[in-house]
Amino acid sequence: MTDSKPESLNEDVNGNESSSEVRRATKEKMKEDRDNSTSRKRVKYNSKSESEDGKTNRPPRKPLELETDPEILQRRQKQIDYGKNTVGYQNYMEQVPINQRTKEHPKTPDKYTKYSRRSWDTLIKIWRKNLHEYDSSKVPDVEESD
């Protein structure tokens, strides 16, 4: 008994049967399919740009969480006390009255705001570094902007 195959079927290199009458795709046909495809990539607009109504497309802010762990609050207060017990902080308090402070001046981090340990340590580091500008008794140099 021999297996007889129809004449129109051939075996390819993988042993799969294929029809010799199968229509092969042409470059033109493939291009048409590609142009008409619904799965084409969409153009993504810059998320920082404003929408048509003039409002920005920002996700809603998370509500401010407060730190309630007494050990964390105690540790943070200790770090703040170390910073406030420096010559730089005392000079800063004398040289810059509260009503004349701007965003560029050192601001004591809020110990009650919920931060990760790394974020809090970074805030303290930046605050302490900025206080060092006031370590000497002379007024710090302020660069003039043109």
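The backbone N, Cα and C atoms fix where each Cβ goes, glycine too.
Per TrEMBL, the feature compositional bias 'Basic and acidic residues' maps to 20-38 (among others).
Annotation source TrEMBL lists compositional bias 'Basic and acidic residues' at 47-56 (among others).
Counting residues 6+ beyond its ends, the compositional bias 'Basic and acidic residues' (101-113) has Cβ neighbours under 8 Å at 64-67, 73, 76-77, 80, 83-84, 92, 120, 123-124, 127, 130-131, 133 in the same chain. The annotation compositional bias 'Basic and acidic residues' is assigned in TrEMBL to 101-113 (among others).
Sequence annotations record features per position, and here TrEMBL assigns domain 'Histone RNA hairpin-binding protein RNA-binding' to 68-135. Across the residues of the domain 'Histone RNA hairpin-binding protein RNA-binding' (68-135), the predicted structure has a mean pLDDT of 95.
TrEMBL lists 1-74 (among others) with the feature region 'Disordered'.
Marked as region 'Disordered' by TrEMBL: 95-114 (among others).
Under DSSP, the residues of the region 'Disordered' (95-114) split into helix, strand and coil as follows: 4 helix, 1 strand, 15 coil.
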